[in-house]
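Peer 1: Sharing a structure with you now.
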Ligand SMILES: O=c1ccn([C@H]2C[C@H](O)[C@@H](COP(=O)(O)OP(=O)(O)OP(=O)(O)O)O2)c(=O)[nH]1
Ligand SMILES: [Mg+2]
């Protein structure tokens, strides 16, 4: 992993800069600058109070936090969100409460997501009539085998093929 310099602007003077919890972490935590309560199945677009300028050839991806996902069923509707290098607006996080029963409450300053900055390639698309062959060809969507999906009426699970 290498370091890259990224310009950042605070739109809210009290907001902390995104922080990596440990050396070597890929994700820097983002906080919400507002309180929010999401009922089961609800979503919200939460402001983070920061804007960045990425160098050309980079993008930032807004990823869910696994702790929020495991404990509360919270994820991001568009995971991972894509922040383009040219985007200068406020980074926002589209959270969703997937829990079927419990509401979730966010308070200003809570860490709601993490930002992963990566080098990206842009493609030059070359249109062709036929694509070159490959071992996988057009196999996909479970073509390599079944998996167990537990049905509500079947504790043993159901073999999907
Ligand atoms: O989770 C996200 C995703 C995107 N963005 C910002 C940065 C990104 O550069 C811009 C546009 O995102 P995207 O291209 O995913 O959305 P779109 O619906 O295609 O909008 P646009 O037409 O503006 O490209 O919105 C965020 O702040 N958070
Ligand atoms: Mg877009």
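Just so it is clear, glycine is given a Cβ too, placed from its N, Cα and C backbone atoms.
What TrEMBL records for this protein is below:
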- 65, 66, 67, 78, 82, 83, 84: substrate binding site (BINDING)
- 15-145: domain 'dUTPase-like' (DOMAIN)
- 136-161: region 'Disordered' (REGION)
Peer 1: How many helix, strand and coil residues does the domain 'dUTPase-like' (15-145) contain under DSSP?
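Peer 2: Across the domain 'dUTPase-like' (15-145), DSSP assigns the residues as follows: 7 helix, 49 strand, 75 coil.
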Peer 1: Can you tell me the mean pLDDT for the domain 'dUTPase-like' (15-145)?
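Peer 2: Residues in the domain 'dUTPase-like' (15-145) carry a mean pLDDT of 97 in this prediction.
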Peer 1: Got a sec? Which of 65, 66, 67, 82, 83, 84, the binding-site residues, have CB under 6 Å of any ligand 1 atom?
Peer 2: 82, 83, 84
Peer 1: What residue among the binding-site residues 65, 67, 82, 84 has the most other CB atoms lying within 10 A of its CB?
Peer 2: 65
Peer 1: For residue 78 (substrate binding site), what residues in its own chain, 6 or more apart in sequence, show a Cβ-Cβ distance under 8 Å?
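Peer 2: Result: 62, 94.
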